[in-house]
Each structure stands twice: as structure tokens, then as C-alpha cells.
Amino acid sequence: MPKKAKPAGSGKEEGPVPCKQMKVEAAGGPSALNFDSPSSLFESLISPIKTETFFKEFWEQKPLLIQRDDPALATYYGSLFKLTDLKSLCSRGMYYGRDVNVCRCVNGKKKVLNKDGKAHFLQLRKDFDQKRATIQLHQPQRFKDELWRIQEKLECYFGSLVGSNVYITPAGSQGLPPHYDDVEVFILQLEGEKHWRLYHPTVPLAREYSVEAEERIGRPVHEFMLKPGDLLYFPRGTIHQADTPAGLAHSTHVTISTYQNNSWGDFLLDTISGLVFDAAKEDVELRAGIPRQLLLQVESTTVATRRLSGFLRTLADRLEGTKEVLSSDMKKDFIMHRLPPYSAGDGAELSTPGGKLPRLDSVVRLQFKDHIVLTVLPDQDQSDEAQEKMVYIYHSLKNSREIHMMGNEEETESHGLRFPLSHLDALKQIWNSPAISVNDLKLTTDEEKESLVLSLWTECLIQVV
């Protein structure tokens, strides 16, 4: 494969071509990635592509393949997950369906070979060796610290949940049929080699997962081999399939995914209810009743459609004149379900406040800023119609890594604080300042100032400097 940068071809007459090929210099240090900040982590992950170039030319547009002749990076990638890691994980308690799937592609369809209950390494290895089955491990960041470290930083960078799956495929086999996903995908090749084929999307920026029949997808527009240390990105909706060629060692890769249900459409759905709620307080037309029997109509009437169109224009005008865009669910959902900050120790700094107790003469600063959201919502403790607005602060410091991206809604709870709307300006001061004197906070009394910072300090959200 060429070692110089080469743009992706169209894939029309000349056949499948690579997306983008780059050679990078070996990164220094034991991790081979830069964890100084979320942006530095992402920049090192896609190196040597520049972040600006990535978002201008590739993000949500087309695939990017970065092929690297870098032994240090290949070794680091290999440390993220190995086939042999399954043995120790099974001894900790892994269950079919929840934690691991065993499958293979047969005649263009996914055949699931799961057993019932607990997964045992010897059985997994038997299916892997004898049935040529792919082993898929769900959300390995729950168990592998370095993946936790990577994905936590990526969640800070994207402001969106970041999940992962490990796929281990034996030689001469394919685990999944051609399909497309509803997520932005970054693939890191960890062990062995894998043969990839990418096709034009039938549904660009798809909102759901779908299997596609071979006869529908045509010829691949990109075809290549991934080797340890290589990285592949493709947008949601990109049809793809991958196999481990016969005669080679098994392949292991991790798929890191993000931006599920994180579109402008999702954000509009999330914010429109808040806009209507506020507008209805001031506009009597929005409080007027709909025509009798409108809900019994098979189709909306012309009058109703015209009325709704007018309301939407009014809301659009109102939106342009305000800075208050209320996210009712997306902010809270993200913070509630994301990873807690990476901690190499016991995580005491996330649950026990440290340092000096903040006083009126203290200077304080926010910590774990990427793990906190501040939002204004109607008081959730009031059930009457005249709900007063409150300031809510949600954080992920106490989130459970063990259930990250596992859909355990009954085990998920929100962590945070609630303040009167009169505290909003003071909270914005803390958010927007590198450090600020407690005495300078925009609150009426000294007692309010001390009470505010003490509440934040108790939740480990600020520190005295």
C-alpha cells in the first residue's frame, strides 16, 4: 500500500480503492496517545490527520483510513484487548447476550450461536476454533482501564456518549453480514489483519441499524486490509462488511462509536417542548383550545395545518430573540449515562471533597468541568401548572462505570444539585472564570454566597485555590 497521503477515489470504473492512506511517525511514551486534554487525545488518535481537516473533509461525509507502519502504536493497540483477555473476564462472570455474543455470517445472514446463561472461556474457544465463530464483547470499557480512559476523554470531546465493542474473528470467517449503523464509527485494529469492504450508503446519516442484502449494495467503493495500529473511520449509514482471510491469524478490533441520536432533529425535538412551554405563558393564542373533534379526524384540516404553521413561525421568531434554549432531556441523559472521570486509584477524589473548606474570602475554581452540565428547567418537585424555574446542575462523578452503555435504566440515577433561579448569574461566573473570589459572586447576601460554594464543594465540583 502507498505510504504517502492519497485521496479516496470514486470507485466507479477502476474498482475498489482505499479511503485515505497515511504513514505516521511512532508516537512517544507508554500510551502512544496524548491524554492531556480531550482535544489532544482526539488529535493523537487520528494523527497525522489534523482535527480541522478531519471535520472539514471526513466527519459525517466519507470514510477515512489511516494506515500506519508504527510498531510502538501497534503494540499499544494490542494492549487494549487480546483474545487471551477473555479467560480472565469469563472468570469474573460474563453472560451470553448481555456481555458477549457468538455469531457468524451464513449466506448473508447473521447466525447467533449463543448458549444460555454464563459464558465459559473453554466453550467460547471451542466455538471460535471449531465453528469459526466471531466473539463480540459488549462495552469492554467496563473492564479494561485503558479503554475507559480513552472513551471518557472522547465523551468529553464530543459531548456525546461513546460506546465500544470488541470483535474477535478467526481466519477464514466473517461475523456479520453487510449492514450499516446509526453511529459514527472509529475502528482500531488490535490483533491480526482484517479485510474490509465499504459501500455507498443507501441512507446517509442513518438513524437506525439495518442489514443490507448483497444484491442491493453493488460493488465496494473501498476495499483494504487493516493491520495492528491502523485506524478506520466511517459515518453512520456507511454499508460495510469485514472478514478475516484464510491462512492468517485471528483478527481483533475494537469499534468505538458515538453520536447516536445526536442530530439537529433530536435537538429540535428536545428543545421544542421548552419553547412551547415558555411561549404559552405569554401568548393566549397558544392557550386557546383546538377545534372540537380535531383528534377524531382521519387527516388534519387545512385550518389546523395553517394554524400550526403560524405557531411554528412565531416560535422561530421567538427563538432568534433569546439565548435561553432549554434542553429538557438530552443534557441530563448524556450526563446520567456517561462514564465517570478516569481514575487510576480508588476514585476517592470523585466522592469525597478535598482541600480547604470554601469561605467568603476564598478563591474557588470549577473542577471536572467536562463532566457537569448546568440547565434551567421547571421545578420538577412541583406538580401544579405554575411551575417555577430552577437551576439544575447534573454531574457524572458518581456514575457507575460497570453499567456504562448497558441500558440499565433501573440502575441509573442522576447526581447533582438544584438552586433557585436567582443563583444563575453566580453559577455562570463560576463556570466562565478560571478562578473567582467567593465574595465577588452575584448574590444578595454573604450567607447565600457561602452556601452556594459549600454545596458545590460538597459534591466535589469546585476546589479552593
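Each Cβ is built from the backbone N, Cα and C atoms, and glycine gets one as well.
HIS240 is the only one of HIS120, HIS240, HIS250 that Swiss-Prot places in the Fe cation site (with HIS179, ASP181).
Annotation: HIS240 carries the greatest number of neighbouring Cβ atoms among the binding-site residues HIS179, HIS240 [cut-off 10 Å, Cβ to Cβ]. The number of other Cβ atoms within 10 Å of the Cβ belonging to SER309 (phosphoserine), over all protein chains shown, comes to 10. Helix, strand and coil counts under DSSP for the domain 'JmjC' (139-271) come to 29 helix, 50 strand, 54 coil. Counting Cβ atoms from all protein chains shown, ASP181 (Fe cation binding site) has 20 others lying within 10 Å of its own Cβ.
In this structure the C-alpha atoms belonging to SER309 (phosphoserine) and HIS179 (Fe cation binding site) are separated by 38 Å.
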